[in-house]
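Marked as transmembrane segment by TrEMBL: 6-25, 37-58, 73-91, 112-132. For 157-339, the entry in TrEMBL reads domain 'Calcineurin-like phosphoesterase'.
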Amino acid sequence: MILLIIVPAYLLINYYVIRRILHWLRSCHSWFHSRWFTAAYVGLYALLASTLLFAYLLPASPFQTAVKRLSNYWLGTFLYVLLTILIIDLLRLILKRIRRIPESFFSSGKTLALVGGIATLAVVGGSVYGGIHAHQIYTTPYQVTVEKSCSGREQLNIVLISDLHLGYSIGSADMERMVEKINQMDADLICIAGDIFDNEYAALDDPQRIQQLLGSMKSVYGTYACWGNHDISERLLGGFSTHSARDNYRDSRMEELLTGAGITLLEDETVLIDDAFYLAGRLDRQKPLTEDGGRLSPQELLENLDHTKPIIVMDHQPKELQELADAGADLDLCGHTHDGQMFPGNLTVHLFWENACGYLQKGQMHNIVTSGVGVWGPAMRVGTKSEICKITVQFTS
C-alpha cells in the first residue's frame, strides 16, 4: 500500500527537480539547449533516481550492494537538491509578491546562473561534508546522580551506544573506530540501545570481523543490548518499510552474531548485576515481534524488583518516560531519533519527542537519548554527530 503513495510522489518530485535544474543549466550556456545534452542529462538523472528501486528489487549480490550504497548517497544529495530548489522558488515568490525587485531581475540569465551556481556549491559541499562527517565518532559525557546506594560503589561508568545500523552504510571499519574509543573509557557496563542492524544481515561487509570487534569491547560487567525497530529482516525502499507488521521476522544470524560476541540480549527482561543494580531491556514498541504484538508495560517489567537498588532501563525509543519514572526506573537509556540526522531534521525532530536527544530529568528518573553511532537512509550527517555516550552515574551512600 505504501508503494502506491511513495512511488508516484517520488516520480512527481523528480520531474519537478529535473525541470528546475534544466532551466538553470540552459540559463548558463546555449550548449545546454541541445537535444543530445538534454537526453544525456535526463538519462543520467533517471539512472541515479532509479537506484532506490533497483536496490530494492535486485537479488542480494555484490552488484546489488554497490547499487544500494550509491542509492544511500543519492538519497541524501537528492533531499538537499530538493530543499535548495524549494527555498529558491519560495524566496522568488516572496520577492515577487512584495515587488521590491524589478521583474527583469528574475528573468535574467545571469541571475539564474549565479543563484544556481551558489546553490550547486552548497549542495555539493553539504553532501560531501555529510558523507565524511557521518563516519566521525565523537564522545559525549554525562554525569547523573541516583539517590540510592549501590552496594558500596560510589559510581558506575556506563558506555551507551545505539543505532549502529550495521549494513550498507556502516561496516567493520566504523566498528574498529568505535571499539577503539570505547576501550579507552574504562567502562563498568556497556549498553546497546537497539538498531544494531540495518534490517538486512546479508548487507554486512564482514560479519566475522564485526563479531570479533564487538566481542573485544572491554568492561567490568560486560555488554548488554535490546532490540530496535530495524533489528528485523526486510528490504527497505528509500528507508521505508513496505511490509505489514504481521510479516516481520528476525534473521537468526543477528542474534547468533551478538551472542557469539558475548553480548547479552534483554528482551523484556531484567538482570541483577553483581547483586548491586538492575538492568532491564525492553522490546521495541513498534516491532516487538511477539505473538500478540505487544510488550510488557513499565510497571509489569519492574514491579518485582528490589527498588532500594538502582534500576537502569534500556529502551530503543524514548517513549513512556513518565510511566518508566512512575514504575521506579532511575536511569533510562535510549536511541532511535538520530537527533534528526540531517539538517533540517535536527531542528524539527524535537517537535515529535519529549526528549529527542540528550538529557532530560523526569521526576526522579534520568533519561539520556543518544544520537547513535550509525546512519539510517541517507549515508550522511549534517547538523548532528555520531556519538558514544560516556555516562558517570554517582550514588549516594
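Note that Cβ sites are derived from N, Cα and C of the backbone, with glycine treated the same way.
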**Report entry** Criterion met for the transmembrane segment (112-132) and the transmembrane segment (6-25) (at least three Cβ pairs under 8 Å)
**Finding:** yes
Report summary line: Long-range Cβ contacts under 8 Å made by the transmembrane segment (6-25), restricted to residues 6 or more beyond its ends, are 32, 38, 41-42, 45-46, 49, 52-53, 78, 81-82, 85, 89, 112-113, 115-116, 237-238, 240
